[in-house]
Every structure is written in C-alpha cells, then in structure tokens.
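Undergrad: First, the structure itself, so that you have it in front of you.
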Amino acid sequence: MAPGNFSQVTEFILLGLSDTRELQVLFFTFFFLAYVMVLLGNLLVIVTVRTDPKLSSPMYFLLCNLSFMDICCTSVTSPRMLVDLLSQKKAIAFEDCIAQLFFLHLLGASEMFLLTVMAYDRYTAICKPLHYTAIMSRPVCWVLVSACWAGGFLHSIVQMLLTIQLPFCGPNTIDSYFCDVPPVIRLACTDIYITEWLMASNSGLISLLCFLVLVLSYTFILIRIRVLYAEGHWKALSTCASHVMVVTLFFVPCIFIYLHPFSTFPSDKYICVICTVFSPVMNPLIYTLRNSEVKASMWKLWKSCRG
C-alpha cells in the first residue's frame, strides 16, 4: 500500500510496562508518587524563584523555565500511564496518539535546547565573568528561551508530519506505555526505510549534537576552573556538576533510542522511563540540594508561609 494521508486504524493498544497485575499495581504506586514529586518539586522551584528577588540571575530564570518544561513533559505521559496501569484495555485513539507524540517531542526538544542554553550560561559566567551581565541580559534570556520553544516546535512538527503521512491498516499494538515515533511508525503498512532515516537524522542527531555541545562547553569550563582555584570557581564547579547529572539522565537515553532507527529492543520502553520520569524527578532535587541560595530561599518561603 502506498503512503497516504489516511488511516484505517482508529486506535492503538498500548502494552504498557507489564501485563502482570501485581506488577501493574506496584508500578502505579511508584509512578504516582514520582509524578506527585515532579509536580510538587518543580512547582516549588518555580514559586521560590519567582518570589525571591535574590534569585533574579539568568541561571535561575532558566532553571524556572526548565522546571516548567519538566512539569509539562511528564504530564504528557504520566497521567495516561497511570490510568492504563489500572485499566484492562489500554487503548488510545489515533488522534490522541499523534497529539501525545507531538507534545512529547515539542517539550523534549525544547528542553534539550534549554539545557544547552543553560550550559552556555554557565560557560559565560565562568569564562567571561566581566561581560556576563551584558551577554546574558534579561532580553537575551527571553530570546534564547523563545528560540528553544521555536526549535522544539519545528522538530516536533516534522516528526508529526512524517508520521501522519504513513498508512496504518493494522496491526495496532504498541509495545510501550506511550506513543512515540519509533514504535508507531513500525506499524505502518508501507516501507519506512526512508522515514526511519529522516526521523533518526531529526531526533537522533539533535540529541547527539546538543550533547556534544554540552560536553564541549563543560570541557572549557573545567579547563578554566583548573587555572583559577578561587573559592567562587569551585562553587561554580559544584553547580556545573549538578547540571552534568541532569544532562546525563536526559540525553543518554534519548541518544540510545533515537540513533538506532532500524531496530528496537524490549528494553527501550524501560529506558524511556529515565528521561520521562526520573529526570523530571531528579531536576528539582539536584538543583536545590546542591544550591545553598535556593535552599535558603525555600526555607525563607516556608517560614513566611507558616507565619
């Protein structure tokens, strides 16, 4: 069947993480607590940064945007996964599946670009401290964040268009807990060789290039810190270390999944849990527990709420 802009499939069946009832209940409890932690932790970061004038530097402005993206990104997959874990038939309408795919890649790509911008912010602060306020002014920060969203939208719209132009006439079973490009396009009733290459060059190369830019920026930072042993620079190194942990949790699974377009592994859906659940959970913990300014502001906010 030739590709077309139609589909005979009206819904997909998500196999989820397990078909064992006991494991489904265990997964539901774990992922429900994780989702609550994502919402509360990232909301706390946003409220803290927005209410404390001391946290007005570009780093905290970008951190606030990262927390917002984390909330949105995990909300694309987690609520649906939680409902499906308690349901007998884990079905999702074709239109809902495409919408989930679109918003997941919109937010995921936007977060990749934002993490790259955050690395550039740290590079500028450490390697060019005298010009930092001019380079990373508030208007520049708004432009950079807007560019992250625009880049995420362009990436996502390409992914969606490449998917919906494929014909789906069965089967309709997806071995995952959410709709993503690799498992969905493999259900198409046509040759997807070129489509897989296009999607790998889109998602896979974006993940890899952003990761390489991040590694390069942190390499320059480490070289700079090795020369300057001042206490303030070691504090900056601690901040960068937490950023590296976030980057590793987020980028490595994405690179692994999207850079092997012609094969799929049963472990892929479990690896996806790292970037869709664990990374959003860890972000507020890493940035607050390793940052004395944020912890002090949170304690001040807590005391003001009690008073």
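Quick reminder: no glycine exception, Cβ is built from N, Cα and C everywhere.
A TrEMBL annotation is a machine prediction, not a hand-curated record.
Remember, it's a predicted structure, so these values are computed and weren't measured experimentally.
Per TrEMBL, the feature domain 'G-protein coupled receptors family 1 profile' maps to 41-287. For 25-47, 59-78, 98-120, 140-162, 205-225, 237-258, 270-289, the entry in TrEMBL reads transmembrane segment.
Help me understand the surroundings of these features in the structure.
TA: Here the domain 'G-protein coupled receptors family 1 profile' (41-287) returns a mean pLDDT of 85 for the predicted model.
Remote same-chain residues near the transmembrane segment (59-78) are listed as 31, 34-35, 38-39, 42-43, 45-46, 49-50, 100, 103-104, 107-108, 110-111, 114-115, 117-118, 121-122, 125, 138, 141, 145, 148, 177-178, 239, 276-277, 279-280, 283-284, 287, 294 (criterion: CB distance under 8 Å, separation of at least six residues from the stretch ends).
Tertiary proximity for the transmembrane segment (98-120) is limited to same-chain residues at least six positions away from its ends with a CB under 8 Å from its CB atoms, namely 59, 62-63, 65-66, 69-70, 72-73, 76-77, 80, 92, 144-145, 147-149, 151-153, 155-157, 159-160, 163-164, 178-181, 184, 203, 206-207, 210, 213-214, 217-218, 243, 246-247, 250-251, 254, 275-276.
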Undergrad: State, in range form, which of 140-162, 205-225, 270-289 has the highest count of Cβ pairs under 8 Å to the transmembrane segment (25-47).
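TA: Ranking 140-162, 205-225, 270-289 by Cβ pairs under 8 Å to the transmembrane segment (25-47) puts 270-289 first.
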Undergrad: Restricting to the same chain and to residues at least six past its boundaries, which positions have a Cβ under 8 Å from a Cβ of the transmembrane segment (205-225)?
TA: 109, 112-113, 115-116, 119-120, 122-123, 126-127, 155, 233-234, 236-237, 240, 243-244, 247, 251-252, 254-255, 258-259
